[in-house]
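Quick look at what Swiss-Prot annotates:
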- Cys2: N-acetylcysteine (MOD_RES)
- Asp3: N-acetylaspartate (MOD_RES)
- Met45: methionine (R)-sulfoxide (MOD_RES)
- Met48: methionine (R)-sulfoxide (MOD_RES)
- His74: tele-methylhistidine (MOD_RES)
- Lys85: N6-methyllysine (MOD_RES)
Amino acid sequence: MCDEDVAALVVDNGSGMCKAGFAGDDAPRAVFPSIVGRPRHQGVMVGMGQKDSYVGDEAQSKRGILTLKYPIEHGIVTNWDDMEKIWHHTFYNELRVAPEEHPVLLTEAPLNPKANREKMTQIMFETFNTPAMYVAIQAVLSLYASGRTTGIVMDSGDGVTHTVPIYEGYALPHAIMRLDLAGRDLTDYLMKILTERGYSFTTTAEREIVRDIKEKLCYVALDFEQEMQTASTSSSLEKSYELPDGQVITIGNERFRCPEATFQPSFLGMEAAGIHETTYNSIMKCDVDIRKDLYANTVLSGGSTMFPGIADRMQKEITALAPPTMKIKIIAPPERKYSVWIGGSILASLSTFQQMWISKQEYDESGPSIVHRKCF
């Protein structure tokens with residue numbers, strides 16, 4: 001890129017939300033749900049200008065007449081036609097830019113299949129005619145955003161949770177762990193345990209309400225059994241929440257029972273290990289000489305790590321698993337909900353990064369497989 005004054009675009013496509021904006025900014029300009037909706041019925045009114053598909057917030061607000069689909073499942077793109085619609089919406093409606101004028105930095109899940117990165121590359125160059133692009137691993141960007149190049153990132157979003165050890169800027173694929181338990185599952189679980197209290201939440205509209213309850217009132221207990229004890233003997237942990245129709249509901253031990261599932265997936269009927277064990281197992285898969293650096297640089301990232309109390313609990317749990325004298329530090333940056341995007345913004349604006357872009361010319365010469373040679 002000889003043209004230094006053109007800002008690169010940074011697009012972080014998550015299972016739940018898409019974050020997009022310009023490199024060099026400190027926060028994404030656009031954050032919208034990663035959903036594509038199609039009308040359930042043929043329009044009755046002629047000339048209503050009904051579109052064949054809606055994306056993001058517009059799809060969310062018209063969900064009564066649409067069938068909603070999430071093109072990204074568990075962090076990995078499964079529907080390319082819909083994904084293309086999301087990117088189109090990102091460039092033209094949210095950021096209002098011409099993608100053929102800006103380099104684009106995209107993010108991918110750890111252990112993303114090779115064919116997927118090639119497909120992303122192909123769509124960017126052939127459909128959107130970008131002058132240059134790059135694909136970066138989400139967890140690596142979160143680590144950059146925290147000002148580190150070595151550490152282990154526990155990234156938990158809406159669709160998937162990963163623990164990714166990174167040494168000197170490179171992810172160590174053999175030690176990456178994936179846990180299919182994240183924000184969406186926690187919302188489902190909260191819906192379930194609120195139903196036990198006698199409140200009924202079933203529809204997609206109600207699911208959004210429960211997600212809001214989760215984000216506003218849930219927290220992680222330092223000692224779960226102790227907290228359950230406290231909740232059963234006093235009402236000090238109870239909070240009330242006003243529903244959109246004005247009805248007020250009370251929520252007690254559900255506040256910490258919901259996020260506890262990330263430490264005890266058995267609550268959801270899953271046999272997987274909790275996030276603390278997963279992080280520990282990831283570290284143990286790494287070379288013995290770098291473990292010390294990973295324990296001392298454990299970085300939390302993603303929306304599902306936003307629960308109050310999560311860092312203290314991680315500290316406690318990992319200390320119990322690790323060797324007795326090991327220094328353990330859990331880093332939970334306040335902006336961790338967007339740290340993947342922020343890391344991308346930092347990376348794409350570094351002068352040393354400018355020769356890393358895959359240019360249109362390189363793509364034309366080598367085809368989509370160029371992505372494996374230039375992005376790792």
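Backbone N, Cα and C atoms are what each Cβ position is placed from, and that goes for glycine too.
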(request) Could you state the whole-number distance in Å separating the C-alpha atoms of His74 (tele-methylhistidine) and Lys85 (N6-methyllysine)? (result) 19
(message) At a 10 Å cut-off from the C-beta of Lys85 (N6-methyllysine), count the other C-beta atoms across all protein chains.
(response) 20
(message) Tell me the coarse DSSP state (helix, strand, coil) of the residue listed as 'N6-methyllysine'.
(response) helix
(message) Validating a neighbour-count step here. Other CB atoms within 10 A of the CB of the residue listed as 'tele-methylhistidine': how many?
(response) 19
